[in-house]
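Taken verbatim from Swiss-Prot:
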COMPBIAS  1-10  compositional bias 'Basic and acidic residues'
COMPBIAS  11-23  compositional bias 'Polar residues'
DISULFID  CYS192-CYS216  disulfide bond
DISULFID  CYS258-CYS271  disulfide bond
DISULFID  CYS357-CYS469  disulfide bond
DISULFID  CYS463-CYS473  disulfide bond
DISULFID  CYS535-CYS544  disulfide bond
REGION    1-27  region 'Disordered'
REGION    10-14  region 'Incorporation in virion'
REGION    254-259  region 'Involved in neuraminidase activity'
TOPO_DOM  1-37  topological domain 'Intravirion'
TOPO_DOM  59-575  topological domain 'Virion surface'
Amino acid sequence: MDGDRGKRDSYWSTSPSGSTTKPASGWERSSKADTWLLILSFTQWALSIATVIICIIISARQGYSMKEYSMTVEALNMSSREVKESLTSLIRQEVIARAVNIQSSVQTGIPVLLNKNSRDVIQMIDKSCSRQELTQHCESTIAVHHADGIAPLEPHSFWRCPVGEPYLSSDPEISLLPGPSLLSGSTTISGCVRLPSLSIGEAIYAYSSNLITQGCADIGKSYQVLQLGYISLNSDMFPDLNPVVSHTYDINDNRKSCSVVATGTRGYQLCSMPTVDERTDYSSDGIEDLVLDVLDLKGRTKSHRYRNSEVDLDHPFSALYPSVGNGIATEGSLIFLGYGGLTTPLQGDTKCRTQGCQQVSQDTCNEALKITWLGGKQVVSVIIQVNDYLSERPKIRVTTIPITQNYLGAEGRLLKLGDRVYIYTRSSGWHSQLQIGVLDVSHPLTINWTPHEALSRPGNKECNWYNKCPKECISGVYTDAYPLSPDAANVATVTLYANTSRVNPTIMYSNTTNIINMLRIKDVQLEAAYTTTSCITHFGKGYCFHIIEINQKSLNTLQPMLFKTSIPKLCKAES
C-alpha cells in the first residue's frame with residue numbers, strides 16, 4: 001500500500017516534461033477564484049447588455065410589424081367588404097333571376113306542361129280504350145274539360161264590381177290576342193266554308209261549319225264538319241279553342257243551316273237536308289227533312305232523320321230551317337231557334353214603328369212579314385224542341401213564336417246564361433238595328449227586347465244601316481251579339497260597319513246608345529259575311545271569341561277566321 005501511495009505522489013509532483021512542480025499556496029488559490037468571479041460577472045453584464053439591446057431591437061421591429069399588421073388588416077377588411085358586396089350582388093341577381101324563372105314556370109310553364117300531360121294521358125287512354133282484346137272493351141269516356149277557371153260568361157256574375165259600378169271603357173283600345181286557330185278549313189280553292197256555329201258548354205265546346213266544294217250556293221253539295229273540344233290556356237295565358245274530335249258528314253247528305261249545342265260530353269247538331277233551293281222550298285207545302293246528329297268525345301256518331309210527318313208542328317209550314325246560331329240544353333230537352341214560312345199566315349199585330357215614318361200603319365208592319373221573293377209566305381221564328389234527346393229516338397216539337405212578340409222571322413241563336421235565356425235574331429227585315437233580348441220559354445212565349453240604337457247592319461238600299469221605317473224587304477246579314485250585362489244593354493259583337501255592302505268587319509263593344517270600343521279587322525274594303533261572338537270568363541276576367549267569314553279574294557273563297565279580344569270592362573269608383 002505504501003509503495004502505491006509513493007508512486008501516486010511521485011506522479012502528481014512531476015510535470016509532463018519531466019521537471020518537478022511545487023505545491024500551490026492558499027493565497028494563490030484565492031486570487032484565481034476572484035479572477036473567475038470577475039470574469040463571470042463581466043460575462044453576466046455583457047449578456048444583460050446584449051439582452052437589452054436585443055429586446056430594444058425586437059421591440060423596434062415589433063412596432064414596425066404592428067403598424068404593418070394594422071395596415072394589412074385594414075386592407076384585408078376592405079377586400080373582404082368588396083368580396084362581400086360582390087357576392088351579395090351576385091346572389092341577389094341569381095335570386096331575382098331564379099325567382100323570375102319560378103314565377104314564369106308557375107304562371108305559364110307549369111299550366112302548359114299540365115295541359116300537355118293531360119292531353120298525353122287522354123291520348124293514351126283513348127288508344128288503350130279503342131283496343132279490343134278478347135272480350136275486354138273499354139267504354140269509358142275521355143275526361144276532357146275546359147281549363148280550371150274557364151266558364152261561359154254569365155252576365156249576372158260578370159257585370160259587377162267589388163266597389164263601384166261596371167262600365168265598358170274606350171281606353172285602352174281593344175287589340176287582338178295571340179294564339180292558334182284550329183277551325184276546319186278547305187283543301188281546295190273556289191269553294192266556301194260557311195255558317196259557323198259555336199256552342200260553349202260547361203265542360204266542352206261544339207263547333208260546326210259547312211264546306212261547299214264549288215261556289216257558295218246553298219243547294220250546292222257540301223260537307224258538314226262537327227268538332228268537339230275544350231278551352232285551354234296558351235303560353236301567353238290567353239284562352240284557345242282546342243279540338244279533340246272531329247267528324248265530317250257525307251257530302252251526299254247535303255246538310256244545311258246547322259245549329260249546335262254542347263252539353264255534358266257530347267255535341268248535338270240540328271240541320272236541314274234540303275233537296276231543292278230555298279225559293280222552291282217556300283213555294284211548296286211541307287218542310288224538308290231535318291236531321292239530329294250526335295257526336296261524343298270518342299268520335300262515335302249517331303244520326304236521327306225526321307220527315308215532315310215525324311215532326312210535331314203547331315202550324316203547317318212550307319219551309320223550316322234551324323237558325324244557324326247555337327241552341328241551348330235544359331233538363332231533358334235541347335232547344336234550337338228556327339225560322340220558316342207558314343202555309344197559312346197567323347193573325348195579329350207584329351212589332352211595329354210608325355213614329356216619324358210617313359204613310360206607315362200597323363198593317364204595313366203586318367204585311368212586311370209576307371215576303372214576295374219567298375212566295376208571299378209569312379216568315380216567322382220558331383222554337384224547335386228536341387225532347388228526350390238521350391233516348392234512342394228523340395222527339396221534335398216546333399212552337400211558333402207569336403208574331404206579336406217578334407220582327408221578321410230570321411236566323412238567330414239562343415243563350416242560356418244563369419237563369420235567363422237570351423235570344424238574338426238577324427235583322428233581315430225593315431228593322432235594321434240589333435235585335436237582342438230575353439226570351440221567356442214558358443207559355444205563351446214572350447220576348448223582352450232591349451232597344452239598341454248604336455248597332456245595326458248593312459242592307460239593301462231600301463233597308464240599309466239607317467233604316468227605321470216599316471216596309472217589305474229581306475236583307476241584312478247574321479252578326480250576333482253576346483250579352484255582357486243582365487239586361488243585354490252592354491254587348492260584344494262583330495258588325496259589318498257599312499251602309500249597304502258586306503265589308504269592313506269591326507269588333508265592337510257597345511251599350512244601347514254608343515259604340516264604346518272597337519277594332520277594325522283590316523280596312524273598310526275587306527269583304528266579309530256572317531259573324532258570331534261567344535264570351536267566357538277565366539277566374540272573372542272576360543274574353544270573347546269572334547268568328548268571321550272572311551272573303552279570301554286571292555283564292556276566290558269564303559272562310560271563317562277566329563279572333564280573340566279581352567273585354568274592356570272596368571269599375572267606376574263611387575264618388
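The backbone N, Cα and C atoms fix where each Cβ goes, glycine too.
Location within the structure of each feature annotated in Swiss-Prot.
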residue : record         : DSSP class
CYS192  : disulfide bond : strand
CYS216  : disulfide bond : coil
CYS258  : disulfide bond : strand
CYS271  : disulfide bond : strand
CYS357  : disulfide bond : coil
CYS463  : disulfide bond : helix
CYS469  : disulfide bond : coil
CYS535  : disulfide bond : strand
CYS544  : disulfide bond : strand
Spatial neighbours of the region 'Involved in neuraminidase activity' (254-259) far in sequence, C-beta under 8 Å, 6+ residues away:
195, 197, 208, 210, 218-219, 221-222, 224, 269-275, 291, 293, 321-327, 336-337, 411, 413
Consider the disulfide-bonded residues CYS271, CYS469, CYS473 and say which one has the Cα lying nearest the Cα of CYS544 (disulfide bond).
CYS271
What number of additional C-beta atoms lies within 10 angstroms of the C-beta atom of CYS535 (disulfide bond)?
24
How long is the line from the C-alpha of CYS469 (disulfide bond) to the C-alpha of CYS535 (disulfide bond), rounded to the nearest angstrom?
33
Integer Å distance between the CA atoms belonging to CYS192 (disulfide bond) and CYS463 (disulfide bond):
27
Sequence-distant neighbours of CYS473 (disulfide bond) in its chain (C-beta under 8 A, six or more apart):
ALA368, GLY429, TRP430, GLY459, ASN460, GLU462, CYS463
Counting only residues 6+ apart in the same chain, whose Cβ is under 8 Å from the Cβ of CYS258 (disulfide bond)?
LEU195, SER197, SER208, ASN210, GLN224, GLN269, LEU270, CYS271, SER272, PRO322, VAL324
Need one number: mean pLDDT over the topological domain 'Virion surface' (59-575).
90
What's the CA-CA gap between CYS535 (disulfide bond) and CYS192 (disulfide bond) in angstrom, rounded?
26
Inter-residue Cα distance where the pair is CYS357 (disulfide bond) and CYS216 (disulfide bond), in Å:
37
